[in-house]
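Enquirer: My questions all concern the structure below.
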């Protein structure tokens with residue numbers, strides 16, 4: 001069955017594999033039951049006037065989370081909406097010292113919130129456990145810094161906590177503070193808020209709250225002062241037999257503080273008095289507290305400590321192997337490849353190399369765009385059959401240029417970024433100005449259709465001359481811009497609310513998008529008919545068409561006690577920026593929306609997918625419907641994914657270990673694989689598989705429709721500079737060295753000439769045929785007679801000597817040592833001769849002559865100062881001792897060199913075997929089993 005017949009057959013099957021989540025479920029061969037997030041209750045953590053908090057285990061990843069239930073029976077509809085809105089804002093916030101909100105939903109009159117679990121109790125329990133033993137000042141400052149940082153963060157977002165107390169300050173087992181239950185009290189009715197505080201007595205209420213007058217963020221500062229008072233004295237600031245007396249004491253300011261001045265400094269005590277000032281205006285802000293000298297002088301250390309503790313919690317190591325950091329200097333060669341749209345094998349573009357290499361690439365439905373390192377823009381058509389362009393190439397006409405051509409109208413403009421729509425193009429200059437060209441049918445050019453339906457040349461958008469552009473992203477028929485001031489503007493087609501303007505109208509000029517309070521947008525990503533907004537904290541907002549759950553807004557939750565079906569939520573589309581709750585527990589760094597599915601990468605380099613899976617584009621080994629977010633393991637287990645892009649039914653991803661993977665619909669060359677495959681999973685691989693025959697780094701990648709374009713870097717030469725304690729460095733043996741390794745899949749230039757070396761700096765291989773010119777050391781005439789492999793000789797010639805740091809008495813103790821330290825790493829043959837020289841130490845009479853003669857020849861010395869006949873007897877004895885010491889060092893160096901040679905030979909052999917295996921697998925996939933035998937022969941020959 002041909003590929004086209006297969007696709008028609010596939011389309012005729014049940015659509016349950018990627019049907020809309022609002023549609024009925026079927027049990028076709030490619031279908032499956034709708035997946036839900038399932039939770040298993042463990043224990044009740046606590047109960048209060050508004051509900052209870054229960055610890056659950058999430059079966060998806062075996063993590064522990066807390067579901068908190070809040071009874072809203074006595075609130076009006078408006079106040080319920082206010083509470084939900086407040087939760088939405090708080091869900092966007094993310095801070096190291098704030099308990100994370102993962103999810104929430106309403107079940108009739110109950111609000112359920114999914115929270116991060118802290119396993120170290122709370123600050124109230126911590127104070128009780130002290131049993132009268134005071135905290136050290138360092139511990140108090142550590143706690144105060146974290147609390148103030150959390151409060152400062154929520155205050156900047158315009159959120160008032162209003163319930164700061166030791167019971168709401170949670171701890172991890174590593175003493176990391178997590179401020180919880182923030183924001184809810186502000187939206188709750190004051191009657192019930194007082195009822196809650198009456199149960200535990202309102203110890204932390206500010207005077208203005210007790211008096212019922214207007215309050216602001218300074219009420220939280222008062223509560224912080226009460227918490228700090230408790231940390232210093234282990235007692236409450238205010239205490240009374242009943243709530244009324246307590247409020248009277250608070251309003252009157254009736255409190256005293258007895259602190260041991262031998263334990264705590266006056267600076268710390270002054271902060272308590274400042275926070276507990278009766279006048280709210282005189283209380284400091286949380287930022288001012290952080291600026292106090294007692295905190296500011298150790299602030300950097302505290303920040304680093306918080307970051308380390310959080311990384312230990314959220315970012316476990318992918319490998320248990322502990323290695324010393326190694327500095328690597330590499331020489332790379334950049335190339336641009338594209339495929340798809342009928343091109344089944346990757347096509348190389350020879351134009352983009354050397355000084356004209358590519359910096360960024362982008363694919364549209366009908367064209368490609370490339371920004372070079374010289375900040376020049378190139379465009380060309382990707383359509384079949386010579387269809388006319390509508391200006392998206394920017395060349396001033398409608399011709400379908402099939403080869404990359406510079407956009408001359410932008411000559412003199414330094415282009416920083418380019419983005420492609422279906423039939424238009426946007427680009428941003430280094431001056432943060434924006435140019436548009438192409439079809440203006442939906443108003444995507446942003447000039448109110450004043451220049452007609454087809455804009456053939458780049459047009460400057462004057463609207464952004466006073467609003468410097470930071471980033472632009474284009475969907476099929478809409479544009480979204482992020483400015484340096486953090487504002488978002490969108491225009492074009494508004495269907496399904498993709499513009500985020502709370503409507504579905506089209507707009508032909510930039511419109512300001514309202515961003516939820518507390519959200520600071522870091523980047524924007526446009527899909528075909530939707531938009532993603534990535535916040536600085538790693539949260540994701542979305543708007544537009546959620547068909548097939550490609551925005552990730554749908555969710556299904558089971559296992560919550562007494563709430564069986566209310567956790568499911570299906571959102572067909574949204575016209576405002578909405579939190580993607582399924583990604584809330586990740587810190588997302590990259591979003592890659594496709595036509596029917598989306599991929600994302602988090603801070604740990606994990607790849608996750610969601611949306612339609614009809615062609616296996618989610619990469620989860622099947623074609624079933626998956627509602628939740630899928631974290632891809634399998635081929636990506638232990639790998640860090642650096643780039644990903646999604647097209648029409650397929651996905652391309654690159655990893656940090658220089659591999660490129662593809663999966664999904666292979667029709668029309670989408671995956672860069674041959675078309676001669678029959679019916680079966682080979683046409684639509686549902687599991688990521690590597691493409692290209694060798695390792696390549698991918699600086700940029702773009703997919704759209706059926707097309708893919710990417711930049712690939714081949715590592716021509718890699719220098720590894722290790723520390724002095726490393727035993728794997730090739731050097732002189734006197735000081736730390738550097739090892740050099742060439743990519744085994746690339747041959748050096750055949751016409752490169754060996755030149756005399758230039759000392760100092762990093763020495764790299766000669767690659768003149770690739771436009772790279774680097775010096776290498778000359779080789780002795782006897783090199784060709786050696787049994788040393790040519791590749792290893794090349795390694796030894798290229799190895800760089802790094803002098804020992806000053807103060808090392810071992811290596812810099814003699815004139816011979818200093819001369820030797822300035823020379824290059826010795827060639828293989830000369831190392832063998834040094835072995836002979838070392839062996840000559842057994843012969844007392846010939847020691848000095850052998851050492852001096854060989855050493856002179858190695859270093860090219862012509863001085864006769866070291867000749868035996870010209871030296872006085874005393875000098876001969878002294879020099880003999882020095883030479884003996886030197887030869888001992890040489891012997892140790894030779895032992896290390898032998899070990900390195902053996903290691904390199906083994907690595908070379910292993911690499912050859914791995915290359916042969918990879919080539920055989922690749923060519924079997926491309927050429928089929930009939931000629932795999934011939935290919936094996938070819939691989940062995942290569």
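A Cβ is built for glycine as well, from the same backbone N, Cα and C atoms used for every other residue.
OK, TrEMBL features for this one:
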type     : residues : note
DOMAIN   : 39-295   : domain 'Protein kinase'
REPEAT   : 375-431  : repeat 'RCC1'
REPEAT   : 432-485  : repeat 'RCC1'
REPEAT   : 486-537  : repeat 'RCC1'
REPEAT   : 538-604  : repeat 'RCC1'
REPEAT   : 605-657  : repeat 'RCC1'
REPEAT   : 658-714  : repeat 'RCC1'
REGION   : 736-755  : region 'Disordered'
COMPBIAS : 737-746  : compositional bias 'Low complexity'
Enquirer: Looking only at the repeat 'RCC1' (486-537), what are its DSSP counts of helix, strand and coil residues?
Expert: 3 helix, 24 strand, 25 coil
Enquirer: Can you count helix, strand and coil residues in the repeat 'RCC1' (432-485) using DSSP?
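Expert: Residue counts for the repeat 'RCC1' (432-485) by secondary structure: 3 helix, 25 strand, 26 coil.
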Enquirer: Mean pLDDT across the repeat 'RCC1' (486-537), rounded to an integer, is what?
Expert: 95
Enquirer: Per DSSP, how many helix, strand and coil residues does the repeat 'RCC1' (605-657) have?
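Expert: Helix (H, G, I), strand (E, B), coil: 3 helix, 19 strand, 31 coil.
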